[in-house]
Amino acid sequence: MPNSNRAQPERTMMQAEVRIERYADQGRCVAHIDGRVVFVRFALPDELVRVELDEPHDRDDRFWTGEVVEVLEPSEDRVTPAWPLAGPLAMGGGVGGADLVHVSLPGQLKWKAITVSEQMSRLGHIDVAVPIERMPGDKAAGGLNWRTRIEMIADDNGMPSMRRRGTHNRVAIDTMPLATRTLLDVAKREHVWEGGFEPGSQIRLSVPEPRGEIVDTAAADDNYAVLVDGELRAGSQLLTEQVTINGTTFDYQVDANGFWQVHRQAPIALGTHVINLVNGQLQSAADAVIWDLYSGSGLFTLPLATMTGERTRMLSVEGARVAVKNAQRNLRAMNLNDVDARAGDVSRTLDHVPAHLAKPNVVVLDPPRAGARAKVCRQIAAAGASSVVYIACDPTSLARDTATLIGEGYELKDIRAFDIYPMTHHVETVALFTR
């Protein structure tokens with residue numbers, strides 16, 4: 001119901017003065033103009049701001065969008081952007097990649113925890129408080145220097161650039177504050193910031209973080225990749241990632257073009273939490289079946305196969321064939337022969353599971369942003385899994401799938417968010433369901 005006490009907005013051409021009401025999705029907040037919902041970028045709840053509406057905005061539109069051009073009454077969570085180029089367009093910004101750059105680090109945690117809780121309530125039909133963890137080192141770094149992968153596009157002058165939000169315009173950049181210092185060192189050494197690229201070409205840097213004495217110095221020297229339009233320009237096509245979980249170090253061979261958790265600490269944090277949840281459900285059972293769905297290059301597969309029961313049998317399923325080849329290589333390197341690693345659509349693969357793997361004790365799934373969807377959730381339930389560990393990169397998809405799993409008789413036993421995307425609205429969530 002509209003708030004009758006809400007002050008009527010003051011409008012000037014395509015701008016309006018509004019009071020921001022609450023958090024919304026995609027790093028935006030909600031306000032109202034003439035009774036219509038407006039999703040506002042670079043705002044915070046309770047602020048009084050001047051907003052410029054995006055064009056076109058028609059009277060018949062269900063909602064409008066806009067961006068802060070002036071802050072009249074700031075929130076205590078507002079800060080000066082640490083990366084001004086990613087801030088509001090009216091304040092010299094406009095490139096994407098850091099839509100919460102105007103929010104303090106504690107404010108970002110609050111924003112994300114509330115967003116996950118609200119989505120779980122609205123779409124998952126369950127009220128739950130969601131604790132959120134910051135990654136080690138992020139507070140000291142001010143939320144910067146965490147990305148081990150970055151992507152850019154060459155502008156008309158061949159310089160690395162990022163697109164200005166909502167346009168095809170390219171803004172040349174000569175650094176990327178969210179990137180790790182290791183990545184920035186590689187970019188400087190390989191003369192990336194000096195340009196010379198074909199206009200319009202896609203530029204990708206993938207640079208695993210060194211892992212101390214474990215990394216061989218000679219091998220580490222070329223453990224990076226500079227790719228242009230998918231082709232290797234410098235470094236190595238196959239990269240080595242090392243992840244230490246509960247004292248055990250795992251080596252992963254990962255294609256430079258493939259997916260890997262982008263935050264330097266995310267594989268350790270997520271891997272440790274997932275393994276601990278699974279072991280808590282198996283309770284040291286010597287014989288168990290585990291499914292690892294949407295398994296990528298095997299981030300969870302390797303520790304699941306080695307750190308659970310002695311006779312654990314596993315099925316891993318991933319749609320990207322290159323990632324599956326990487327996972328199979330990683331498994332062979334550790335002599336893990338009891339994992340059936342398959343490439344293919346998850347739902348179709350689950351229709352034809354071998355009998356000895358058909359009844360999982362625990363299912364671990366890490367689906368893409370769209371989520372697992374109802375069919376896969378129901379297939380998991382039909383297989384008789386007593387525990388489900390769901391890793392989600394989108395709280396909306398998690399909430400929808402939560403409703404399906406609860407409808408199949410599961411109960412949400414544990415949920416925790418991980419801030420592995422500082423300065424952005426993105427958040428990773430891990431949920432445990434049992435029945």
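A Cβ is built for glycine as well, from the same backbone N, Cα and C atoms used for every other residue.
Cβ neighbours of Cys393 (active site, nucleophile) (same chain, under 8 Å, six or more residues apart in sequence): Pro368, Arg369, His426, Glu428. Look at Cys393 (active site, nucleophile): DSSP puts it in coil. Feature annotation from Swiss-Prot assigns active site, nucleophile to Cys393; the stated evidence is sequence analysis.
If you look up Swiss-Prot, you'll see Gln261, Tyr294, Glu318, Asp366 marked as S-adenosyl-L-methionine binding site, on the strength of sequence analysis. Its own atom aside, the Cβ of Asp366 (S-adenosyl-L-methionine binding site) has 23 Cβ atoms within 10 angstroms in the protein chains shown. Under the three-state DSSP scheme, Asp366 (S-adenosyl-L-methionine binding site) falls in the coil class.
Counting only same-chain residues at least 6 apart in sequence, those with a Cβ under 8 Å from the Cβ of Tyr294 (S-adenosyl-L-methionine binding site) are Val317, Glu318, Gly319, Val346, Leu365, Asp366, Pro367, Pro368, Ala372. Long-range neighbours of Gln261 (S-adenosyl-L-methionine binding site) (same chain, six or more residues apart, CB within less than 8 Å of its CB): Pro267, Leu270, Leu299, Ile420.
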